[in-house]
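A.B. asks: Below is the structure I would like to discuss, written out as C-alpha cells.
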C-alpha cells in the first residue's frame with residue numbers, strides 16, 4: 001500500500017476501506033480520503 005501519516009506515525013493507506021483489516025496487528029487508524037490509514041505502533 002501507499003505510505004501515509006497518522007498521529008505522527010507512518011502507516012499504510014488502504015483504499016476504499018472503512019476500517020483496518022484484521023490480522024495485520026494495526027492498533028491506530030486515521031480516516032483518509034476514500035479510505036483509511038492504518039498504523040502498527
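Glycine too: its Cβ is placed from the backbone N, Cα and C atoms.
As listed in Swiss-Prot for this protein:
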- 4-37: disulfide bond (DISULFID)
- 6-30: disulfide bond (DISULFID)
- 20-38: disulfide bond (DISULFID)
A.B. asks: From the Cα of residue 6 (disulfide bond) across to the Cα of residue 20 (disulfide bond), what is the distance in angstrom?
C.D. replies: 13
A.B. asks: What's the CA-CA gap between residue 37 (disulfide bond) and residue 6 (disulfide bond) in angstrom, rounded?
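C.D. replies: Each residue's Cα considered, residue 37 (disulfide bond) and residue 6 (disulfide bond) end up 7 Å apart.
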A.B. asks: Sorted by position, what residues of the same chain at least six away from residue 6 (disulfide bond) have a C-beta under 8 A from it?
C.D. replies: 28, 29, 30, 37, 38, 39
A.B. asks: Measure the Cβ-based neighbour count of residue 4 (disulfide bond), defined as the other Cβ atoms within 10 Å of its Cβ.
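C.D. replies: So the Cβ neighbour count for residue 4 (disulfide bond) comes to 19.
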A.B. asks: Tell me the Cβ neighbour count for residue 38 (disulfide bond), meaning other Cβ atoms within 10 Å of its Cβ, over all protein chains shown.
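C.D. replies: A count of 24.
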